[in-house]
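*Asks:* Following this message is one structure expressed as structure tokens.
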Amino acid sequence: QRRVYRTTTHVPWELGQIMDSETFEKSRLYQLDKSTFSFWSGLYSEVEGTMILLCGGIPFLWNLSGQISGRAGFGPEYEIVQSLVFLLLATLFSAVTGLPWSLYNTFVIEEKHGFNQQTLGFFFKDAIKKFIVTQCILLPVTSLLLYIIKIGGDYFFIYAWLFTLVVSLVLVTIYADYIAPLFDKFIPLPEGELKQQIETMAKSIDFPLTKVYVVEGSKRSSHSNAYFYGFFKNKRIVLFDTLLEDYSALNKEPAEGEDGEKEETKSTTKSKKQGCKNEEVLAVLGHELGHWKLGHTVKNIIISQMNSFLCFFLFAVLIGQKELFAAFGFYDTQPTLIGLMIIFQFIFSPYNEVLSFCLTVLSRRFEFQADAFAKELGKAKDLYSALIKLNKDNLGFPVSDWIFSMWHYSHPPLLERLQALKDAKQD
């Protein structure tokens, strides 16, 4: 794929009508920089993980956690307390070692190509807030999971799976209402033509829409997105302001008297408008609602939970193997949290790669089906132009090596999606 980025310096003839040479070159350089960053950060991650295993980093951190919890009055019999200290230290280590890479990605690569809208202060405040929120969720959930495994008896894997199912459903339900607003501002989409059109389209396919929000994604990045969430009769749609041509802060001159806001986010005025027109936004939403109407969301949840149940069952089979713990430096103890880490992170690694590939293939199939659904709604022409705009706005490179694409792309390449829409667009 890097060879494709380096050598494809001119717009291929089949792209001549949809992408100008300037945008093509910008996207090529952006993806080349991202590829370079991905290579080095991935290599570092592999080296770091290997060194931790070879040097006994996991048992060292576990013993350190025991010393800390012991000083707090919790002896070896309080395994769950020691496990939470271990988890806190491990995530803190991961956050610290990952910080330079995150800074480089945001303030060098994203900044260089015009996507970063954050200041350094906003970045660090955001990172600290994310770490705290993550710990507030991760530590209580982990402690309950470990407790269930401890008291669950022979069928603990069933209770553990049911617990993780409930937790995942609760998090999906509360994320956009209570967690996401801690990081970004959500406002109801103002009354007007776009909102009326969205409500009309939702009603036409029996989508139980209750609210439509606009999130200020432009405070963080100029990348755009849209999604829906909620269960049963309580569905909400969220649109990034960068997706909406009429609402994106990136298309407006900074107003006077907003110095406080400028301290956290940078003001950027672009010569070309970013985002989609109302008809194109409706086409994108038609695609997203197609995922709901065709049952893709439910199917993904079912697949995820079947996989989760299988993993917990295999964990129950393998947790009694002392050789597994000994291989990772635990000769005298077999902590449950360490067993979860060894089995889920290392033993299942080959299986997870195969599963990931299968889910990528399925995801691409779902994307084509959602495009076809939008086509049936009469949105083919607008979705066609929206896909081109979004590709340009996000500097997506439309040429890809077929093996790389097959393995990594959860969405079909742009040309394949446009070809599927082309006949209907011409009609």
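Cβ coordinates come from backbone N, Cα and C, glycine included.
As annotated in TrEMBL:
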DOMAIN    1-185  domain 'CAAX prenyl protease 1 N-terminal'
TRANSMEM  37-60  transmembrane segment
TRANSMEM  80-104  transmembrane segment
TRANSMEM  131-149  transmembrane segment
TRANSMEM  155-176  transmembrane segment
DOMAIN    188-423  domain 'Peptidase M48'
REGION    254-273  region 'Disordered'
ACT_SITE  Glu288  active site
TRANSMEM  309-331  transmembrane segment
TRANSMEM  337-362  transmembrane segment
ACT_SITE  Asp371  active site, proton donor
*Asks:* Test the contact criterion for the transmembrane segment (309-331) and the transmembrane segment (37-60): 3 or more CB pairs under 8 Å, pairs 6 or more apart in sequence, then answer yes or no.
*Replies:* yes
*Asks:* Express the distance between the Cα positions of Glu288 (active site) and Asp371 (active site, proton donor) as a whole number of Å.
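*Replies:* Their Cα atoms are separated by 9 Å.
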*Asks:* Counting only residues 6 or more past its boundaries, what in the same chain has a CB within less than 8 Å of a CB in the transmembrane segment (337-362)?
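*Replies:* Counting only partners 6 or more residues beyond its ends, the transmembrane segment (337-362) has Cβ contacts under 8 Å with 58, 62, 83, 86-87, 142, 146, 303, 307, 311, 314-315, 318-319, 324-325, 328, 330, 406-410.
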*Asks:* If you skip the near sequence neighbours and keep only those at least six away, which residues in the chain come within under 8 angstroms of Asp371 (active site, proton donor), Cβ to Cβ?
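*Replies:* Spatial neighbours, sequence-distant, of Asp371 (active site, proton donor): His287, Gly290, Leu383, Arg417, Ala420, Leu421.
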*Asks:* If you draw a 10 Å sphere on the Cβ of the residue listed as 'active site', how many other Cβ atoms land inside?
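*Replies:* For the residue listed as 'active site', the 10 Å Cβ neighbour count is 18.
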